[in-house]
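Enquirer: From TrEMBL, for reference:
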- A:GLU43, A:CYS62, A:LEU409, A:HIS461: Mg(2+) binding site (BINDING)
- A:CYS65, A:CYS458: Fe cation binding site (BINDING)
- A:CYS65, A:CYS455: Ni(2+) binding site (BINDING)
Amino acid sequence: MAKRITINPITRLEGHGKIEIFLDDKGDVENAYFQVPELRGFEQFCVDRPADEMPRITTRICGVCPMAHHMAATKTLDDLFHVEPTPTARKIRELLYSIFMVEDHTLHFVYLGGPDFVVGPDAPATERNILGVIGKVGLEAAGKVIDTRKRLRAIITNIGGKIIHPVFGLPGGVSKGITEEEREEIVKVAKDTVEFAQFLLKLFDDVVLKNKTYVDLIVGDIYKHNTYYMGMVDENNHVNFYDGELRVVSPGGKEIAKFKAQDYLEHIAEHVEPWSYIKFPYLKAIGWKGFVDGEESGVYRVAPLARLNASDGMATPLAQSEYERMFDTLGGKPVHNTLAFHWARLVEALYAAERMLELAADPELTGTNIRNIPTATPDEGIGVVEAPRGTLFHHYQTDKDGILTGVNLIVATVNNSAAMCMSIKKAASGLIKGGNVSEGLLNMVEMAFRAYDPCLACATHSLPGEMPLEVNLYDSNKNLIRTIKRD
Amino acid sequence: MAKAKVAFYWCASCGGCEEAVIDLNEDILKVVDAVDIVFWPVALDFKYKDIEAMKDGEIAVSFINGAIRNSEQEEIVKLLRKKSGLVVAFGSCSHLGGIPGLANFHDREAILTRSYETAPTVVNPDRILPQLSTKMPEGELTLPEFSETVKALDQVIDVDYYLPGCAPPADLIMGAVTAILEGNLPEKGSVLAPEKSLCGDCPRGEKKPEKLVMKDVKRVHEIIPDPEKCFLEEGLICLGPATRSGCDSRCIKANMPCRGCFGPTKEVRDQGAKMASAIASILGLEGEEEFSEEKAAEIVNKIADPAGTFYRFSLPSSLLRTRKRE
């Protein structure tokens with residue numbers, strides 16, 4: 001009788017998920033499924049709502065990356081109402097978006113994906129979290145993370161209204177401008193943030209790249225898939241999060257498509273399976289061939305590593321040199337190793353920090369012309385941004401009054417859904433042999449999806465000034481297993 | 001003495017409530033120091049079986065966010081109810097149904113059909129829908145059932161307290177946690193936030209005219225509002241009159257009107273009805289000769305999607321929802 005292993009719920013990600021692993025009589029993996037047990041149905045229940053409310057409704061798709069939905073919705077409204085944002089508004093939007101990207105990437109590396117590397121993939125479950133990370137990297141490093149995150153989130157709160165579910169985006173502009181005093185403060189924070197992103201890359205070098213076991217995991221076959229990659233690029237084919245065209249490269253690294261958001265229907269289709277509420281997007285030109293990789297399969301990947309694979313470089317100097325270093329170290333483009341998403345994420349965090357500084361230094365940022373009022377009749381709009389977890393499509397149709405008649409959304413993580421299923425199966429097959437299953441090995445199966453959909457943190461510990469601190473960790477029997485202390 | 005055990009769980013939600021906990025920043029140290037977190041899927045690697053293994057009532061308090069959208073969420077919140085002394089509905093979705101609750105304007109089938117059959121990117125010639133049970137070569141795969149309607153938490157289990165907001169602000173979260181730890185709680189069923197309406201707190205309140213008149217209705221993309229004037233006076237729908245305060249007027253400070261995420265105040269049963277009555281009383285119809293009935297109707301008709309706006313966060317717990325479904 002074949003045996004079944006269920007991991008439920010999967011943890012340290014944003015949202016709900018379940019893994020079912022089936023073993024054969026020898027105890028080897030026969031198959032493994034990554035299931036998403038949830039649907040909320042935004043595509044239908046947004047219908048009949050006024051389109052202008054979408055930046056405030058779709059933020060509730062994700063409270064971890066609400067800015068991505070807010071911005072995709074806002075850009076879709078520009079297209080729908082046929083209005084361009086003013087130059088100042090555009091810069092304010094991209095500035096806030098850059099701040100969000102660096103903050104969100106940091107959150108993932110330190111709190112969600114981080115524990116697997118920093119504390120160890122098979123460390124006890126009770127330690128494999130942010131508290132374990134603090135124990136390992138020390139309070140000073142952890143304090144830096146908390147402090148940076150807090151300062152970045154404060155800027156978004158001030159200009160965007162709310163950090164969780166911002167409200168400032170409107171067709172043709174933004175609801176609130178930036179004063180000169182605020183701009184000067186943002187420049188200061190941006191300078192520190194560039195240094196901070198470099199510090200994270202150094203931490204990655206020290207903790208991960210200098211550890212042979214981890215490097216073997218990254219470059220090994222268990223976490224590897226030869227797929228297509230998609231990401232947004234600017235006119236120089238450099239990574240861009242806010243605007244540009246979508247570029248798709250083959251598993252061999254060749255550009256096979258480059259298109260505007262408005263043409264996405266020609267390139268992307270979605271497949272449905274009866275055992276998951278998540279849909280499975282694929283490249284229309286190649287077709288759906290099932291959960292397999294290679295040139296023949298339309299499965300593509302998005303998010304940090306995919307963006308770097310799909311681009312020719314980074315638009316800022318420090319990030320560009322880190323981009324080159326990553327590809328040199330891992331054997332050239334494209335890199336197919338799923339765990340390299342973590343490294344790519346930090347290269348992107350550095351780009352976002354540098355871009356934040358560029359925009360903050362721009363005098364036009366404090367202009368007072370922050371909105372163009374739309375005058376054309378609304379009909380149809382499509383907007384795309386690169387969310388931390390990948391390309392995010394919003395597509396609305398309305399009647400002449402701007403009341404929604406059709407909504408289609410391809411949310412960032414959904415693009416990776418087929419690849420995540422494949423990665424779970426491959427990791428499980430490579431790790432579980434002869435019925436030998438440990439909790440640590442199962443966590444290593446979970447690491448296969450965490451590389452894509454990092455997500456929200458946990459008990460963040462801000463470590464202010466001289467405040468003494470003692471954190472005690474207990475196991476389920478109330479036994480003290482660890483004390484983290486700071487005098 | 002053993003520390004109080006605390007669980008955090010999410011149902012149909014966006015993760016914003018989890019971020020709100022992290023945004024406690026240094027205060028979360030006090031929380032972690034005072035309690036033992038036994039379940040928090042987003043952050044800690046405990047599984048459902050760990051909760052099942054606990055004794056009834058062993059968890060001091062469970063904070064549950066998100067609306068109830070499917071059978072798995074119903075099962076887990078019932079499990080947590082059994083294992084917990086107190087249950088706190090955390091955030092708008094759990095408190096009132098929240099934005100996922102807007103799905104109650106649509107049939108279950110319409111939602112599934114749109115997602116899996118008629119969305120323009122979907123290629124599904126065999127009209128496959130997610131199934132409760134699928135026989136695969138290796139064995140059966142199961143999924144939770146997508147329910148007929150979205151429910152607020154207290155429509156499924158008994159709830160002791162409510163923390164409002166989308167997401168709840170840090171000071172209210174800390175206030176609630178402190179009150180629980182000190183055993184200093186108000187009567188059961190209380191919403192742990194101020195009692196007055198948002199208008200009483202509004203930073204634009206000082207410039208509000210003595211007799212507020214709304215002469216026209218505009219949408220947010222149509223005008224650039226004066227950053228100091230009352231939104232209603234400017235013709236923009238703002239849910240301030242029908243909404244509980246305690247959010248620090250976060251949206252209003254960004255020059256955007258309130259959408260009501262804190263829900264109604266204590267005296268008000270139905271937030272949408274309250275808002276409709278507030279609008280009716282300021283439309284300036286009484287004694288204003290220039291407003292004919294036709295003119296009044298014309299203005300009222302300019303309110304785009306009144307139900308979806310007045311009940312943006314509260315449809316599942318409103319009277320409207322009850323009437324529609326029974």
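Backbone N, Cα and C atoms are what each Cβ position is placed from, and that goes for glycine too.
On this model, are these features tucked inside or out on the surface, and what's nearby?
Expert: Around A:CYS62 (Mg(2+) binding site), a 10 Å sphere centred on its CB holds 28 further CB atoms from the protein chains shown.
DSSP gives A:CYS65 (Fe cation binding site) a coil state; it is part of no helix or strand. In sequence order, A:PHE100, A:ASP104, A:ALA387, A:PRO388, A:ARG389, A:ALA412 are the residues near A:CYS65 (Fe cation binding site), counting only same-chain partners six or more apart with C-beta under 8 A.
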Enquirer: Are there residues of the same chain, six or more positions away from A:GLU43 (Mg(2+) binding site), whose CB falls under 8 angstroms from its CB, and which are they?
Expert: A:VAL407, A:ASN408, A:LEU409
Enquirer: How many neighbouring Cβ atoms, not counting its own, are there within 10 Å of the Cβ of A:LEU409 (Mg(2+) binding site)?
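Expert: Here the count is 22.
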